[in-house]
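Chemist: I grabbed these lines from Swiss-Prot:
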- C34, C214, H239, E243: Zn(2+) binding site (BINDING)
- 36-46: motif ''HIGH' region' (MOTIF)
- 271-275: motif ''KMSKS' region' (MOTIF)
- K274: ATP binding site (BINDING)
- 315-348: repeat 'TPR 1' (REPEAT)
- 368-401: repeat 'TPR 2' (REPEAT)
Amino acid sequence: MEAEKMELKLYNTMTQQKEVLIPITPGKIGLYVCGITAYDFSHIGHARAAVSFDVLYRYLKHLDYDVTFVRNFTDVDDKIIDRANKNGEDPLDLSNRFCDEYLVDMGALQCLPPTHQPRVSEHMDNIIKMIEKIIEKDCGYVVEGDVFFSVDKSPNYGKLSGQLLEHTRAGERVAVDSRKRNPADFALWKAAKPDEPSWESPWGPGRPGWHIECSAMSVHYLSPKFDIHGGGADLKFPHHENEIAQTCAACEDSGVNYWLHNGHVTINNEKMAKSKHNFKTIREITASYHPLALRHFLMSAQYRSPLSFTASQLESSSEALYYVYQTLQDLDEGLSPYQDALSEDGGKSEQTAEGKDIIKKLKTEFESKMLDDLNTAHILTGAYQDALKFINASLSKLKKMQKKQRMSMLVSLVEIEKAAREVLDVLGLLTTLSYAEILKEMKLKTLIRAEIGEEGISQLIEERITARKNKDFAKSDEIREKLTRKGIALMDIGKETVWRPCFPSQADSST
């Protein structure tokens with residue numbers, strides 16, 4: 001699929017409207033996303049940002065764009081230093097450790113590695129050179145080894161966030177310092193303090209301010225002017241506002257064409273944040289839920305909308321994905337006896353009219369939602385569910401069909417599976433594991449949540465079989481209901497009883 005044939009509309013925070021994506025260089029996209037400050041395990045608010053922009057990255061690639069994706073690590077920061085001092089640990093060792101832990105989480109969530117993942121500590125020369133340019137342009141000033149940016153020299157300051165300069169007050173996300181010319185001025189360089197990491201600079205030893213880091217790295221890996229800049233909604237002010245001011249001051253031809261911001265994850269109607277001590281780490285959630293279920297949950301609302309975290313929502317995502325993979329596994333098993341026939345046919349047989357229609361609707365609905373500002377909410381419902389229902393209904397009919405009719409149906413099912421897999425792949429919900437392996441992993445997570453092992457379930461199944469033989473149906477129902485409350489459904493197939501995950505009949509609203 002050629003990118004030019006489909007118009008992707010993205011909501012641009014700067015203009016507050018959806019705009020058609022028109023790259024600076026045809027066929028190529030430069031994308032910069034602000035990464036984490038690495039001092040602790042990442043929470044699912046961080047996961048929301050990562051998954052949101054991973055979906056964008058994947059979809060741009062799906063549209064055949066050549067994407068240069070940069071996501072940084074802040075490994076030099078006050079929070080890192082404070083945590084390292086409490087731990088009695090070197091700040092860079094601490095941040096390196098949590099950068100690595102973050103990458104483990106990203107792998108679990110199926111987030112593709114960006115083209116570049118720079119760390120602040122590795123780009124001091126770029127940062128210092130940019131600060132020098134800002135001072136040369138009379139937009140920065142030095143005070144006792146510190147360097148501040150003069151916001152009065154930035155005529156468009158506040159345009160992105162809607163924060164008027166005269167309304168900006170010290171103490172409101174703005175550091176209080178009487179040496180500043182304007183309370184809203186912010187640090188480009190901080191003079192060294194005892195027992196803190198520092199680097200040599202023209203203004204003496206010190207370390208960079210937070211905002212200059214992203215300006216320097218985006219210019220270094222992309223250019224002063226690039227296509228898309230992303231991050232969490234909380235970064236609009238002051239971080240992104242300050243980035244714009246710095247880059248414009250240092251570079252004549254600069255700017256970002258599209259500013260994208262993902263919504264917060266909330267818990268009990270409050271933004272999830274480490275500072276509020278109300279966060280759930282990615283590692284904590286994936287200990288009892290499959291990472292794909294967490295990813296599905298994070299895509300269950302349009303990326304700009306707030307997302308309310310509840311256990312019941314995670315259970316819903318887990319159940320929805322299990323159904324998808326169980327259907328695809330059933331399809332694999334159903335097609336297995338006909339592989340030789342499909343090979344011999346060699347594509348001679350045509351798809352059924354209904355099969356073609358199913359695929360067309362699936363693809364059309366998927367593309368229309370994604371092209372409309374990456375609207376992943378309910379993306380695996382509608383036409384996608386119709387495709388799954390068609391698979392399930394068709395598998396039971398295969399043996400009864402005449403050869404020619406059966407071959408057309410087999411070809412249709414193969415093509416429907418390809419279309420279903422493509423959607424999963426673009427959404428990052430497809431792994432290198434087989435369907436059976438993913439289902440096995442999801443069942444294991446169900447057992448962890450239910451606090452019961454395979455042996456415990458087997459024992460309860462045997463007790464239920466005995467109860468049914470004795471016509472003790474009250475006992476039989478009690479066992480079934482007990483397991484259903486834990487998210488385990490029993491199914492009687494012939495003389496055999498098997499289990500699969502289900503939505504718990506009494507799911508808690510939070511975890």
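Glycine is treated like the rest: Cβ placed from N, Cα and C.
Could you give the neighbours, burial and distances for every feature on this list?
Modeler: For E243 (Zn(2+) binding site), the Cβ neighbour count at a 10 Å cut-off comes to 26, with all displayed protein chains included.
Across the motif ''HIGH' region' (36-46), DSSP assigns 3 helix, 2 strand, 6 coil.
The list of residues near the motif ''KMSKS' region' (271-275) in space but at least 6 beyond its ends in sequence, with Cβ under 8 angstroms from a Cβ of it, reads 40, 43-45, 234, 264-265, 309.
Sequence-distant neighbours of K274 (ATP binding site) (same chain, six or more apart, CB under 8 Å from its CB) are D40, H43, listed in sequence order. K274 (ATP binding site) falls within a helical segment according to DSSP.
Secondary structure counts, DSSP: the repeat 'TPR 1' (315-348) has 31 helix, 0 strand, 3 coil.
The DSSP breakdown of the repeat 'TPR 2' (368-401), given as helix, strand and coil counts, is 20 helix, 1 strand, 13 coil.
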Chemist: What other residues of the same chain, not counting C34, C214, H239, E243, have a CB atom within 8 A of the CB centroid of the Zn(2+) site?
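Modeler: Those within range, site residues removed, are W210, H211, E213, S215, H229, G231, L235, H240, N242.
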Chemist: Which residue, out of the binding-site residues C34, C214, shows the minimum number of other Cβ atoms inside 10 Å of its Cβ in this structure?
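Modeler: If we count Cβ atoms within 10 Å for the binding-site residues C34, C214, the smallest count is at C34.
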Chemist: List the residues of the same chain that sit at least 6 positions away from H239 (Zn(2+) binding site) in sequence and have their Cβ under 8 Å from its Cβ, in sequence order, or write 'none'.
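Modeler: Looking at Cβ-Cβ distances below 8 Å from H239 (Zn(2+) binding site), excluding near sequence neighbours, one finds C34, W210, H211, C214, G231.
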